[in-house]
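To start, the structure under review is shown below, and the notes come after it.
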Amino acid sequence: EKWERKHPLYKKNKVRTTKYTILSFLPKNLFEQFHRFANFYFVILIGLNFIPQLNVFGKEISMLPLIAVLSMQGLKDALEDFNRYKNDLGVNNTYIEVYQSSDDKYHKMKWSDLQVGDIVRVVCNSVIPADILLLHSSDPDGICFIETSNLDGESNLKQRMVVPKHWGDNHEFYPKEFKSIIECQTPNNEIYKFHGNMIPANGGEKISVNNSNLLLRGCVIRNTDYVEGIVLYAGHETKAMLNNNGPRYKRSKLERRMNTDVIYCVVLLLVMCLIGSVGNGIWASNMSNIEQAELFIPNEENGEALNPALSGFYMFWTMVILLQVLIPISLYVSMEIVKWGQVHMINSDIDLYHKETDTPIRCRALNITEDLGQIQYVFSDKTGTLTENKMIFRRCTIGGVDYPHAANGESPITFLILNCEQFCNFCCFFSGEYSKHREAFSGRNDSIRRSYRRTQSASLNLLGYVRVKSIGISLFESVCETDVTPDPVLYEKLISTPYSTFACNEASAAVPSLEKARIWDFFINLAICNTVVISNDSDDSVTASTTPDPYSVSTSIIPSLFLLSTILFWSNRHILPSTCPPFILLITLFPFQQISTPGAETYKPLFPNGNHAIPVNGNTNNSANIGAHFNEDGTGLTDEELSKIRYEAESPDEAALVYAAHAYGCVLAHRSSHGGKESVTITLPDGGGKLEFEVLHKLPFDSTRKRMSVIVRDPRNGQITLYCKGADSAILSALRRDQQDDVQFGKFRLLELLTKQYLDKYGRVGLRTLCISKRVLTEAEYSEWEQLHRAAERDLENRDQMMINSFVRMEDNLELLGATGIEDRLQDGVPETIEALRQAGIQVWVVTGDKRETATNIGRSCRLIHQNDEVIELITETPEALSELLDTTISSQDNKRGKLPEIQHQTSILSFNVSFSLPNSTSYPTIDDKDLPALGQSAPDTLVKEIADKFVLLARRCRSVLCCRATPLQKGMVLKLIKDKLHVMTLAIGDGANDVSMIQVADIGVGLSGQEGMQAVMSSDYALAQFRFLKKLLLVHGHWNYARLASMVLYFFYKNAAFVFLIFWFQILCGFSGGNMIEQSYLLIFNLIFTSVPPLVNGVLDKDIDAATLLKKPELYMQGIKDELYLQRTFWINMLDALYQSLIIFFFLYVIYLDTEVGLIEWGTVVTTAAVFVILIHLGIETKTWTWIHWVCQIGSVLVFFAYSLIYNIVCATCLPPSNPYFVMERVIQTGQFWFSILLVTAVALFPR
């Protein structure tokens, strides 16, 4: 209470996600439901029915249909809200330790009682209750690890750091002494952005705090005993709650079309009411001249007959009430039920379940299932969407020299078959004197211990086998991502000269030293320029990693090797020399190192270089001990400790580069933070010890700069170095250009040109490329920059822009070290899926941030670009040049194929590097069938109208499009341009945060549960595990859902119209007096009960075409693209069908029962029965796939109708005066005339079907 009085603006930590309370539920829920036009419309009709002159139904019964609809919707809303209430109750009643200054102790307190400013303690594996600024951690390095899966779906651990302690390096934290003031942003929903300042109580310099110091509500503490922090945001002001927007709501295309048809029904209703009004006026005018006219014409209050005009006016509104069934009040609720069922069917499809990752499909938007069947354009990301996003380090270039890593990633079995013969050269070593030379397996002679096969454990092997645990596979489960074979030439250069021998200023070194210095800097960059988290299997935090003893042989491996060798020997004996004895064959067949991985074991060849000579006596000229352990003073770990280490990266690229450095012996071993100073420790290859770099600053990656950097202080001499890696376009444009020495400038320029050539070469074979660079800083340069950077950090208003400016200022005058090429393989089934989508008439665009060569290679691999396709490259520097190039290209195409032919399919691959702005919406028709891929260098920032028009004009004449160098914002803008100009249905699919913009703009957004986190999934309408699942989702479920909903909506309009027309025809016989031959209750519940369930079942279960046929013939999907199943003409055809059937039912039965003794109520009952039979059998004819559920619902609906009629006619004969239906149904069903007439009318009415 004291805190609330002092800080009334801060919210408590209690959360309430419910929409209603007990008192507010009824008024609030009704208010929400009456926002729907149909509900509001029926409320007006109920009000009109209470006017005596307009009364048609009993006042009570007229409300039943609306009450039923409102009750069903209200019950659903109440159950959903009650579940939210129970969840809130459980969360709010969770306990947390909160510091109390009164007794200087922590006490347990409910989450709901937390306040901003409270100091809390959270233990390992506990959920964080609020947004907390980290003040202390049990980890001596001042770090903690959190899992954010509850917040963003990402399961990999993230590291957070304690705010630099302004009270010194004392590791103890005393909450009672904490009196600092914290300035921070107002609450916002940006979970990856936070900045503020801490003002020490002693008046010292402000300490900048950022996202790395913030623990967000909903995250879980991992690998840390406990943390302590102060609550900054509580309750609904936390970032988690501000991002809790509930399920996504979109209106489908079919629903928009349906709303138009509802308007047509309103117009038709008004026309029928107007006819009834005019007819009643004419009737009244004619009848006023006969005697006893008051018997036929309503009277005024004074007893005189109404004026015909006034009578017609009253009759207009009476007809509105009488014919209200024409507007399908239950259609909206029925569609919600059907869509819920369709979502359940999609979620239950085992073919959309990814067994390897245990990931099913998730439908996050519940009201656009039918849009899946009408997609015209698919916009896809490349990395992680078309590809696996399991990065494999393939090759690199350093100092202008290419290192191809030829053996990297080679299949062990393939390697065996290709190289087994050369290993037979060593048979003599084992055949006679195995015991003598056994020391070669376990001894420590360095000369025979070197292996070019390096793994994530950095272990080295001989002609034997070492069984070690694989590390770093908790996030990326395949060995391929972490298994790297060093290039022999590069490895020799790396270890030939120790790192400590280099001068810090490589520019002044000799040429060989400069080359090797660049190699060292290259791998140091890979090892430390990242945000990789070092963790382990247990909950204890890992503080170091090192190399195990590689020279001991596991005897337990021999039996398994013998078994496998026997199998391979008999299957491949033709490739082996006949002189090899059996035991020699075992050694020859298995020059592998066995690696133990979670759930699998793999064998890796020890000698990827076939020319590597192994001396019999175990001696070589190189005595380097590559596999040396760290010392016991903390520089090393045991094999057991090493086996627990894991690298967890937020990006697969980072993981691949760290493992590549690891394979060369530059091992990221430890991160720590002492007294606000962060450091990173790496171990060096060849027993070179360790280096502990002081991390001065981290410049994180962002999509604007397209690079990240780390500023460190060299432990050897204190020199400050910036290591930077990023996209080639970002790094090459920031290289140093001010060399005064012409010779030196020429060398740097040559290095840049050679690197560009290799980048293009890597891109052409589909590798992802990154440039590696550095910058040596003087103390003065760093101090000047740091002062400006600190000012930017402390600025709360323009911090983001000032920080970017600060980063760019530092990441300039770079020295190029080299570049990397990382392979990202296509996912299974991608080419087949794209081909099927194109056959279905869907235009596939790939929008990627990769360079042109890489994107082109992937485009060809996934069959986006065919061999005979005409490729047009649009590469320009200015908007003017681009405009001219577009004019020339369009003109050239016009000359080739005629000006703007009308077509249906597209292919183009377009991207630009100029600025545009979004134009106004302009409609364009169909597109070209000829392949016209157009390739560019970068995509637009914004689309200027005149250039955008030309862009669309060219793109719409192509079959597919590939946009390169696209930023996240540009991805969304390209999609929006096509969507607005061509008025097409679009789907965007991606797996990363850079795809969110595109996913949110599209009509349907699909997120892939990939390696880049779950932000795309969290923003999507549908979540898949693999791109190939899109094929069945669209071609099968999309087609089915569209066909089902289209059929169901048209059926609803049909059956309502057919029933209303029956009442309208009766007006001809009763002088348009508003009379009705159908009993009131039938009229009001006909659509609500008697004919409501079968169309719902059809909407969920009917299959017009089986799944196998839809997958085999993708062109059937064109029905949805062309909207063939729900065109405007199909709506009117259904209305004409209803008109025809109503005419048959009414007038056939009128003639059959003419001049009989059947009364009006009896005849109306026969008409109602015939209508039920005709309308239900009509649906049966429309049903393509019958199940037992269909039969039960169809027959059950008929039985319910008869049961209701028989019971109602007995127990409620006088419930709705003046009608008296007593025993009516019981009498009519006993006559043969009734059954004959029902069968005849049903047959004739449905004969056209």
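Positions of Cβ are set from backbone N, Cα and C atoms, glycine also.
Averaged over the domain 'P-type ATPase N-terminal' (6-61), the predicted model reaches a pLDDT of 81. Here TrEMBL flags 6-61 as domain 'P-type ATPase N-terminal'.
Annotated transmembrane segment per TrEMBL: 38-57 (among others), in sequence order.
What TrEMBL lists as domain 'P-type ATPase A' is 101-186. When DSSP labels each residue, the domain 'P-type ATPase A' (101-186) comes out as 10 helix, 33 strand, 43 coil, counted as helix, strand and coil in that order.
What TrEMBL records for 262-283 (among others) is transmembrane segment.
Positions annotated as transmembrane segment by TrEMBL: 314-335 (among others).
Listed in sequence order, the residues of the same chain lying 6 or more apart from ASP995 (Mg(2+) binding site) and placing their CB within less than 8 Å of its CB are ASP381, THR385, PRO968, LYS971, ALA988, ILE989, GLY1007, ALA1016. What TrEMBL records for ASP381, THR383, ASP991, ASP995 is Mg(2+) binding site.
In this structure, GLY849 (ATP binding site) belongs to neither helix nor strand by DSSP; it is coil. The ATP binding site annotation in TrEMBL covers ASP381, LYS382, THR383, GLU654, PHE701, LYS725, ARG768, THR848, GLY849, ASP850, ARG965, LYS971, ASN994, ASP995.
Residues or ranges marked as active site, 4-aspartylphosphate intermediate by TrEMBL: ASP381. When secondary structure is read from DSSP and collapsed to three states, ASP381 (Mg(2+) binding site) falls in the coil class.
For 1017-1249, the entry in TrEMBL reads domain 'P-type ATPase C-terminal'.
For 1049-1069 (among others), the entry in TrEMBL reads transmembrane segment.
According to TrEMBL, the transmembrane segment annotation covers 1081-1101 (among others).
Taken from TrEMBL, the feature transmembrane segment covers 1131-1154 (among others).
Here TrEMBL flags 1160-1181 (among others) as transmembrane segment. If you look at the transmembrane segment (1160-1181), the same-chain residues 6 or more away from its ends with a CB under 8 A from one of its CBs are 1051, 1054-1055, 1058-1059, 1062, 1076-1079, 1082, 1086, 1090-1091, 1094-1095, 1098, 1141, 1145-1146, 1149, 1153, 1190, 1194, 1197-1198, 1201, 1205, 1219-1221, 1224-1225, 1227-1228, 1234, 1237-1238, 1241-1242, 1245-1246, 1249.
Marked as transmembrane segment by TrEMBL: 1188-1208 (among others). Within the chain carrying the transmembrane segment (1188-1208), a Cβ under 8 angstroms from the stretch's Cβ atoms is held by residues 1081, 1089-1091, 1093-1094, 1097-1098, 1101-1102, 1165, 1169, 1172-1173, 1176, 1179-1180, 1221, 1224-1226, 1229, all 6 or more beyond its ends.
Distant neighbours of the transmembrane segment (1228-1247): 1140-1141, 1144-1145, 1148-1149, 1152-1153, 1156, 1158, 1162, 1165-1166, 1169-1170, 1173-1174, 1177-1178, 1181, 1202; these residues of the same chain sit at least 6 beyond its ends, with a Cβ under 8 Å from one of its Cβ atoms. The annotation transmembrane segment is assigned in TrEMBL to 1228-1247 (among others).
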Thinking of Cβ pairs under 8 Å, which stretch from 262-283, 314-335, 1131-1154 has the most of them with the transmembrane segment (1081-1101)?
314-335
Treating G and I as helix alongside H, and B as strand alongside E, what does DSSP give for the domain 'P-type ATPase N-terminal' (6-61) in helix, strand and coil?
27 helix, 0 strand, 29 coil
What is the interatomic distance between the Cα atoms of ASN994 (ATP binding site) and THR383 (Mg(2+) binding site), given in whole Å?
11
Helix, strand or coil: which one is PHE701 (ATP binding site) in, per DSSP?
strand
Most Cβ neighbours inside 10 Å, all chains, among the binding-site residues ARG768, ARG965:
ARG768
Around the Cβ of THR383 (Mg(2+) binding site), how many other Cβ atoms lie within 10 Å? Please give the count over every shown protein chain.
27
Write down the Cα-Cα distance for GLY849 (ATP binding site) and THR383 (Mg(2+) binding site), rounded and given in Å.
9
Need the DSSP three-state call for ASN994 (ATP binding site) to compare against my parser.
helix
Top Cα neighbour of ASP991 (Mg(2+) binding site) in the set of binding-site residues PHE701, ARG768, GLY849, ARG965:
GLY849
